[in-house]
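Record features (Swiss-Prot):
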- 12-136: domain 'Rhodanese' (DOMAIN)
- Cys95: active site, S-selanylcysteine intermediate (ACT_SITE)
Amino acid sequence: MREDTGDFRRLFLSGTPMMDVRAPLEFARGAFPGTVNLPLMDDEERHQVGLCYAEKGQHAAIELGHRLVWGALKATRIAQWADFARAHPDGYLYCFRGGLRSQIVQQWLRDEAGIDYPRVTGGYKAMRGFLIDVIEQAAAKQDFLVLGGLTGTGKTDVIAEVPAAVDLEGLACHRGSAFGRRAQPQPQQIDFENSLAIDVLQRAEAGYRALVVEDEGRFIGGRDLPKVLWQRMQASPMVWLEASFEERVERVLRDYVLGLAAEHIEQLGPVAGFEAYATRLRDAMAAISPRLGSERYGRLSALLEQALTSQSERGETAPHRAWIEVLLRDYYDPMYAYQEEKRAARVVFRGDRAAVTDWLRERSAR
């Protein structure tokens with residue numbers, strides 16, 4: 001029989017399967033990557049038990065819980081837990097604090113299915129606290145290298161090629177600009193933070209001399225980078241990625257147009273997917289219209305509509321280059337040039353994709 005565990009580091013480093021027995025609403029507010037929600041009580045049952053606990057105390061609340069979850073419903077839930085336990089003999093279960101709900105699930109599994117299955121002591125709350133501490137410790141003690149560069153230089157491509165890199169935009173499911181929204185929704189803030197902390201933990205444990213991250217604002221779409229981590233990034237050495245204007249236009253076309261269209265069409269089908277993709281581009285352009293000014297916004301919107309029409313009616317994507325070129329030259333490049341000037345003292349290396357990738361691999365290696 002395996003013992004209950006409080007070794008959170010081992011759980012997250014090994015990707016141990018975990019069964020979350022909290023109510024679905026609790027799970028939706030924040031969970032860990034790969035965990036499976038198989039609740040002891042659903043949201044309404046938990047609500048009723050909570051009211052009973054507040055009014056009549058723990059004993060009455062436990063009795064009500066047993067009356068609500070009984071018979072065929074109880075048997076179904078036990079069967080689901082047993083299936084998980086058999087499929088993941090190395091796993092664990094947990095509730096919010098690792099207390100009564102976890103213990104009841106353990107007892108029912110033991111009594112009704114003959115399965116001894118360990119729990120995580122301290123539950124979700126303790127594991128969440130551990131991951132918050134991981135970020136704080138990394139910000140205090142870990143060296144970072146920050147990858148910067150103009151829009152379209154391929155920073156995300158470099159991040160994917162450096163083993164010590166943490167893909168902040170991948171974890172946030174957002175490319176980090178007005179045009180950065182993906183077809184898939186962003187994770188909940190807490191889920192983003194949990195995934196980020198686990199990623200940082202795994203790379204720090206691997207012994208890399210420095211972790212590599214892309215230069216980001218405090219927010220990636222609607223997700224907020226932990227303040228201590230972002231502040232550490234602002235004080236860390238920078239590497240500046242360079243690429244020709246033509247290369248950048250092609251990369252923006254690939255990622256922000258063709259890739260975005262493919263994501264939406266795969267998700268919604270050719271007609272609804274294309275319309276959702278077109279709406280996403282229009283909305284992004286509108287979002288930066290106050291900074292573009294009315295004349296430039298009108299010109300870019302017209303170019304965008306012409307490109308969307310060509311793409312929809314004839315499958316042509318080349319016309320998108322027209323608005324991409326104007327947007328890069330007149331909007332993003334001046335903005336990044338200003339940012340580059342402010343950060344010039346922090347830049348320790350410059351180069352193209354191959355040179356920067358090699359430099360980052362060497363300087364971050366174990």
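Placement of Cβ uses the backbone N, Cα and C atoms for every residue, glycine included.
Confidence for the domain 'Rhodanese' (12-136), expressed as mean pLDDT, is 95. DSSP assigns Cys95 (active site, S-selanylcysteine intermediate) to coil in the three-state reduction, outside any helix or strand.
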